[in-house]
Amino acid sequence: MAHTNESVVSEFVLLGLSNSWELQLFFFAIFSLVYVTSVLGNIMIIVIISSDSHLNSPMYFLLSNLSFIDICQSNFATPKMLVDFLVEHKTISFEGCMAQIFLLHSFVGSEMMLLVAMAYDRFIAICKPLYYSTIMNQRLCIIFVFISWAVGILHSVSHLAFTVDLPFCGPNEVDSFFCDLPLVIELACMDTYEMEIMTLTNSGLISLGCFLALIISYTIILITVRRRSSSGSSKALSTLTAHITVVILFFGPCIYFYIWPFSRLSVDKFLSVFYTVCTPLLNPIIYSLRNEDVKSAMRKLRNRHVNSWKN
């Protein structure tokens, strides 16, 4: 079929989370708070890490990059969703829709790879501590960040390359608050079975590969920590708990979506909200509450500013 996107479907209608005006106002208030907290919390993590010399280590360098990705993820769809809560006709241009698909898969793919890099950092620190400073140097950390973004962008481009050329010739209602790839593919005026399988394979491989790598890494690390009985091991276990909590909450909804990617239930919308809006909030909450070094750096930064105001 000829490419007909521009001449037939120039915009998509987003059905949002609810038709109730009262519920939409409630969602606006709640998600505005989550959005602002998420962005400010992740900015705070970056500021704390960059301002404290004691946090000048590979783990915190990777953590600050994770916060940066979470800031990006907070902004790809949430501001548009908040505006849509206040308007009756929720639309997005064809180009805007494709941009949302590209950005979401870029950020999610990058975050998956970065979580693997953080697991590798903990693996070396705990299982091979004598070689840590030699292996985990600044150059390797920068390479990890570069690979994370490269994989995320390539993963996203591979989706978008097929999606932009699909023939959209009429149906344009997306039953979500953003352009969710499986829902957009279903609107194409053709048999999309092969496209659905390709999408599932592409996303499933990167998700399953990263998840298995994380499970294996943290299993080995936990076994190593359990064999030791020291205060250092206790601190390592606390840090690991934060890492594992983020991994479970991040990959849980992701795995669910890839098990049933093209058969949506009513609960899926709210899982999508958790995945796209609430997940970026996990990083500052979990790491700031579970990590003693970050809490200590936070107190020092606060005291520094309090003293400067008094003077």
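Heads up, the Cβ atoms here are built off N, Cα and C, so glycines get one too.
Feature annotations, reproduced from TrEMBL:
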type     : residues : note
TRANSMEM : 25-48    : transmembrane segment
DOMAIN   : 41-287   : domain 'G-protein coupled receptors family 1 profile'
TRANSMEM : 60-78    : transmembrane segment
TRANSMEM : 98-120   : transmembrane segment
TRANSMEM : 140-162  : transmembrane segment
TRANSMEM : 205-225  : transmembrane segment
TRANSMEM : 237-259  : transmembrane segment
TRANSMEM : 271-289  : transmembrane segment
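Contact between the transmembrane segment (60-78) and the transmembrane segment (140-162) is supported by 3 or more Cβ pairs under 8 Å, counting only residues 6 or more apart in sequence. Across the domain 'G-protein coupled receptors family 1 profile' (41-287), the prediction's mean pLDDT works out to 86.
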